[in-house]
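Participant: Once you've had a glance at the structure underneath, I'll fire off some questions.
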Amino acid sequence: MASFPPRVNEKEIVRSRTIGELLAPAAPFDKKCGRENWTVAFAPDGSYFAWSQGHRTVKLVPWSQCLKNFLLHGTKNITNSSSLRLSRQNSDGGQKNKPREHIIDCGDIVWSLAFGSSVPEKQSRCVNIEWHRFRFGQDQLLLATGLNNGRIKIWDVYTGKLLLNLVDHTEVVRDLTFAPDGSLILVSASRDKTLRVWDLKDDGNMMKVLRGHQNWVYSCAFSPDSSMLCSVGASKAVFLWNMDKYTMIRKLEGHHHDVVACDFSPDGALLATASYDTRVYIWDPHNGDILMEFGHLFPPPTPIFAGGANDRWVRSVSFSHDGLHVASLADDKMVRFWRIDEDYPVQVAPLSNGLCCAFSTDGSVLAAGTHDGSVYFWATPRQVPSLQHLCRMSIRRVMPTQEVQELPIPSKVLEFLSYRI
């Protein structure tokens, strides 16, 4: 069994440059279980980086300062175990103090976290924000944490203050995602087989329960325009939901094992899913077609083998913000960077016991979390996108597949603008 196609020379694949490491402190008599770093996240504005450090704690660090420390002191950095709070003056008058790193004690094992902001990541279906319980400013930055006991806690990132405690799930909250439109709509995915939609601007009111999964829900992700949600879970499940009507659009079929991660491309035209069947699929979410398969084991395993235990389980997948690259993390101790038009990785990096990964806001760095609560960072591939890629992304940001196919333009131009198998 090999990690790359036979035609690919592993020695010729570029090794990614290490940017830095944030190593979790080892405490005396530290338990081996409970230290897992199940999730890493960057704030939408790039101001903060957060990760679950293990044993119910979340660490937040100013991202720009973190990069400077790597440049000044080398790649390794042992995180400070003391809790430093970020202070901010009252929004009635006064300027925000300089951000500082700090730790939040969430009270239980943290499985998921997500940043939310009232400022939309891009122009979309943005709504007016009105807080009922809290005075909400335009500079507000929230952190949602999903816990082992089924609770979701909402924190003010600048002050460390607990704002809301959402109690409705009956099992582990495995993933969280905010709508990118600034509406402060939060969706949670849980082992209780449900997705729940929360309106944080309405004191955390639970708006809807999305049912359809027959087993654990592992992950969920919004499309860039917030109109569509993808949820993935055990038993090969990949579901797409209409977030205007809260109805299921379709179920995507093709994986042979549990599907554990998903992410949309920046233009919303593509969807990446990662599975324990050793594969990452790139889908057209608008029609359900599989456009590309990224294999992590060669020759590809048969459905029977892919559906069982193997050492190539893909743990995480993330789309870069250039829309051209995808990162995947697997149990074969390797991080892979792919181009969406190539079926082999363009860069690789070594990583043992990896669990999750995410690109920085500007797409220049990939962060990956591990079983021992540490985080590792690599420089991502930097390539000049083709004119075709730029044109495709521009038009697909505003038009789904069906509308592009109905454009009254020559077939050659239509082919140029389409993501094709």
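Glycine residues also receive a Cβ, built from the backbone N, Cα and C atoms like all the rest.
Positions annotated as repeat 'WD' by TrEMBL: 136-165, 166-208, 210-251, 252-293, 314-348, 358-378. The annotation domain 'SOCS box' is assigned in TrEMBL to 377-421.
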Participant: For the repeat 'WD' (252-293), what are the same-chain contacts with Cβ under 8 Å, counting residues 6+ beyond its ends?
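Facilitator: Distant Cβ neighbours of the repeat 'WD' (252-293) are 216, 218-225, 228, 230-240, 300-301, 303, 306-308, 310, 312-319, 321-323, 326, 328, 330, 338, 340-341, 343, 392-394, 396-397, 400-402, 419-421.
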Participant: How about long-range neighbours of the repeat 'WD' (210-251): same chain, 6 or more residues beyond its ends, C-beta under 8 Å?
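Facilitator: That would be 121-122, 124-125, 174-181, 183, 185, 187-191, 193-197, 257-264, 266-268, 271, 273, 275, 283, 285, 288, 397.
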Participant: What are the helix, strand and coil residue counts for the repeat 'WD' (136-165) according to DSSP?
Facilitator: 0 helix, 17 strand, 13 coil
